[in-house]
Amino acid sequence: MPSQVIPEKQKAIVFYETDGKLEYKDVTVPEPKPNEILVHVKYSGVCHSDLHAWHGDWPFQLKFPLIGGHEGAGVVVKLGSNVKGWKVGDFAGIKWLNGTCMSCEYCEVGNESQCPYLDGTGFTHDGTFQEYATADAVQAAHIPPNVNLAEVAPILCAGITVYKALKRANVIPGQWVTISGACGGLGSLAIQYALAMGYRVIGIDGGNAKRKLFEQLGGEIFIDFTEEKDIVGAIIKATNGGSHGVINVSVSEAAIEASTRYCRPNGTVVLVGMPAHAYCNSDVFNQVVKSISIVGSCVGNRADTREALDFFARGLIKSPIHLAGLSDVPEIFAKMEKGEIVGRYVVETSK
């Protein structure tokens with residue numbers, strides 16, 4: 001496929017300091033390094049991590065000025081001089097994990113998210129809230145052809161992340177998984193991956209809109225935290241002993257603590273959501289006697305990415321998205337802060 005004309009300037013959302021003004025402005029289109037591809041980003045998901053990057057309330061080093069976003073889906077328009085395995089015209093995904101060294105002890109065994117030289121999209125590397133963005137060719141995701149780019153965008157972070165978390169829960173088909181924070185961007189995908197993997201799903205969230213989405217996605221038991229006064233007791237009763245696995249994607253410290261009490265003996269609590277400055281409090285006696293495992297799960301590796309995208313490409317996962325324009329990012333952040341989003345926002349970079 002012949003190379004398309006690449007403009008010198010493009011639209012982007014830029015901020016110059018933590019909590020600084022989110023400016024929708026013209027910036028220069030980046031030039032890919034020898035190891036990078038340049039992607040014409042058609043769509044980008046908006047993740048809660050983007051909000052944390054803007055606030056600067058996670059202990060990550062940030063570059064400034066910074067273009068956020070890390071769920072970019074688009075088309076390859078240019079290759080760096082050393083790039084192999086890609087061609088102009090390929091569908092490509094830009095993940096949070098933009099690049100790693102591929103030679104440290106963590107990269108060698110597929111734990112790239114622990115690489116000490118990790119380059120994070122939307123944190124240390126300008127992200128996908130722009131029309132053209134670069135990504136390391138090794139870590140960029142190969143998106144299958146004929147996939148809807150708007151709908152696949154959230155898979156590139158939210159989908160991969162919850163898929164990896166479900167694998168870490170060590171649950172077998174027919175057992176119970178509880179999704180805490182079930183109907184946000186991550187939770188709505190976690191429900192579907194869990195069902196596709198053969199698990200029975202309980203969802204915890206608040207409000208009728210989220211109950212409706214949970215039921216539409218095929219979940220079995222919904223617990224509304226605004227109505228249920230004894231969430232721990234309700235889950236233990238419904239599952240006849242507790243949930244075999246728990247995926248915590250909520251940003252509530254209290255919800256994390258509760259999950260350690262309704263987890264079944266020998267079960268696994270997986271921490272995914274990262275509320276700023278929060279702690280995981282677990283009663284030691286309860287944890288020891290019940291032999292509960294509490295594990296953290298960050299983003300997935302390249303194999304997890306391929307597997308998560310395969311579920312999507314086969315039609316097993318649907319993205320409950322709301323489309324907006326790139327210029328709407330400030331308003332989306334405001335809704336996110338208020339907990340008003342059901343599903344996932346995806347922005348079209350040309351608007």
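For all residues, glycine too, the Cβ spot is worked out from N, Cα and C.
The annotation Zn(2+) 1 binding site is assigned in Swiss-Prot to C47, H70, E71, C157 on the grounds of similarity to another entry. Residues or ranges marked as NAD(+) binding site by Swiss-Prot on the basis of similarity to another entry: H48, S49, H52, G184, G185, L186, D205, K210, F225, V272, M274, S297, V299, R344. Residues or ranges marked as Zn(2+) 2 binding site by Swiss-Prot on the basis of similarity to another entry: C101, C104, C107, C115. Here Swiss-Prot flags K229, K237, K290 as ubiquitin cross-link. The phosphothreonine annotation in Swiss-Prot covers T226, and the record cites similarity to another entry as its basis. Per Swiss-Prot, phosphoserine is recorded for S282, S319.
Mapped onto this structure are the features recorded in Swiss-Prot.
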| residue | record | contacts (Cβ under 8 Å, 6+ apart) |
| --- | --- | --- |
| C47 | Zn(2+) 1 binding site | H70, E71, W96, P154, C157, A158, G185 |
| H48 | NAD(+) binding site | G184, G185, L186, V251, G273, M336 |
| C101 | Zn(2+) 2 binding site | C107, C115, P116, Y117 |
| D205 | NAD(+) binding site | G181, A182, C183, G184, G187, R211, F214, F222, D224, F225 |
| T226 | phosphothreonine | G206, G207 |
| K290 | ubiquitin cross-link | C263, R264, P265, N266, G267 |
| S319 | phosphoserine | A150, E151, V152, A153, P154, I155, G159, L189, F312, G343, R344, V346 |
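In the three-state DSSP reading, D205 (NAD(+) binding site) counts as strand. On a Cα basis, M274 (NAD(+) binding site) lies 28 Å away from K237 (ubiquitin cross-link). Ranked by Cβ neighbours within 10 A across all protein chains shown, the recorded positions H52, H70, K229, K237 are led by H70. Shown in sequence order, T100, M102, S103, E105, Y106, E108, E112, P116, Y117, L118 are the same-chain residues outside C101, C104, C107, C115 whose Cβ sits within 8 Å of the Cβ centre of the Zn(2+) 2 site.
In sequence order, C115, P116, Y117 are the residues near C104 (Zn(2+) 2 binding site), counting only same-chain partners six or more apart with C-beta under 8 A.
Its Cβ taken as reference, C157 (Zn(2+) 1 binding site) is surrounded by 32 other Cβ atoms within 10 Å in the chains shown. Between the CA atoms of H52 (NAD(+) binding site) and S282 (phosphoserine) there is a gap of 25 Å, rounded to the nearest whole number. With respect to their backbone Cα atoms, V299 (NAD(+) binding site) and S282 (phosphoserine) stand 24 Å from each other. Recorded residues M274 (NAD(+) binding site) and S282 (phosphoserine) have their alpha carbons 16 Å apart, per Cα-Cα distance.
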